[in-house]
Amino acid sequence: MIGVVVLGATGRMGRRICRMVIEDEELELVGAIASPTSKHLGRDVGLVIGVGETGVEIAPPTALPNIAKDADVAIDFTVREATLENAPKAARAGLDLVIGTTGFSDEDLRVLEHEIEEAGVSAVISPNMSLGVNLLFELTRQLARVLGDNGFDFEIVEIHHRHKVDAPSGTALELAAIIEEELGKGEKVFGREGNVGPRDDDEIGVLAVRGGEVVGDHTVMALGEYERIELTHRALSRDAFAKGALVAAKFVVEAPPGIYSMRDVLFGGKRGEGL
């Protein structure tokens, strides 16, 4: 059995991950971490998420070193500030990591990856753990590779629930980065307003829409003079992300020390390798 600690266990994603870890025959939930100010501290996580008693109490981040003694991997779906503080603690305690938090700057990622590498553990870091979204990444790569030199413009539209705190989504930014990489050029434009003039050939438009309880929609458009291609992924449940996180957890505990992406999990290799 693979021992799992869930960081952000009482959040939207954390609750789903805890439930799915409990249901998975290869995994064992050994720790549930929540904010130091959480009203659920000290309660059985199973009672909080509605699955009955589990014997696992919700604990603050200060409990990580002790909980890590019985764990193999930490799954972190929290917020930028919490991950930057707690993920290095988990790594120094010897835990491999699966990080699905978004909202990092490039410098944040450099610092985080350095801490993980210094600790000598393995980590999967991805803005979206959904298996379908990671296939969308690969299809977008092919789309840009084939059409990029044929006069097509690329635009990205993402839609999320009204509670999401960062925009555009990490997934949309990753899609834009993939297009930039394949084109060898690109300038992200975040929405348009006023007299902006004609579209520049290097632009990659990124539009964020917020409202309702949309789990997450992402559309990549390749717009040519005579035709348009759209690739769309719609998440129907947060379980799509939780399922991917569990797949990543099973991968990372067997992987050599280093930094991995979901591309590596699905297609093999290490960051920068694969398809």
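Cβ from N, Cα, C; glycine included.
Met129 (NAD(+) binding site) falls within neither a helix nor a strand when secondary structure is assigned with DSSP, and so counts as coil. A simple way to gauge crowding: the CB of Met129 (NAD(+) binding site) has 27 other CB atoms within 10 angstroms, across all the protein chains here. Swiss-Prot lists Gly8, Ala9, Thr10, Gly11, Arg12, Met13, Gly100, Thr101, Thr102, Ser126, Pro127, Asn128, Met129 with the feature NAD(+) binding site, giving sequence analysis as the kind of evidence.
Note: His160 (active site, proton donor/acceptor) has non-local neighbours Ala167, Ser169, Ala208, Val209, Arg210, Val214, Val215, Gly216, Asp217, i.e. same-chain residues 6+ apart with C-beta under 8 A of its own C-beta. What Swiss-Prot records for His160 is active site, proton donor/acceptor, and it gives sequence analysis as the kind of evidence.
What Swiss-Prot lists as (S)-2,3,4,5-tetrahydrodipicolinate binding site is His161, Gly170, Thr171. Cβ neighbour count for His161 ((S)-2,3,4,5-tetrahydrodipicolinate binding site) (all protein chains, 10 Å cutoff from its Cβ): 13.
Residues or ranges marked as active site, proton donor by Swiss-Prot on the basis of sequence analysis: Lys164. Sequence-distant neighbours of Lys164 (active site, proton donor): residues of the same chain at least 6 apart with a C-beta under 8 Å from its C-beta are Arg210.
Using CA atoms as reference points, the binding-site residues Gly8, Thr10, Arg12, Thr102, Pro127 were checked against Thr171 ((S)-2,3,4,5-tetrahydrodipicolinate binding site), and the closest is Pro127. Each residue in Thr102, Pro127, Asn128, Glu158, His160, Lys164, Asp166, Ser169, Ala172, Gly216, His218 lies on the same chain as His161, Gly170, Thr171 and has a C-beta within 8 Å of the C-beta centroid of that (S)-2,3,4,5-tetrahydrodipicolinate site, without being one of the site residues. In sequence order, Ala32, Ala34, Ser35, Ser38, His40, Val48, Ile58 are the residues near Thr10 (NAD(+) binding site), counting only same-chain partners six or more apart with C-beta under 8 A. In three-state terms derived from DSSP, His161 ((S)-2,3,4,5-tetrahydrodipicolinate binding site) belongs to neither a helical nor a strand segment and is classed as coil.
For Thr102 (NAD(+) binding site), the number of other Cβ atoms no farther than 10 Å from its own Cβ, over all displayed protein chains, is 22.
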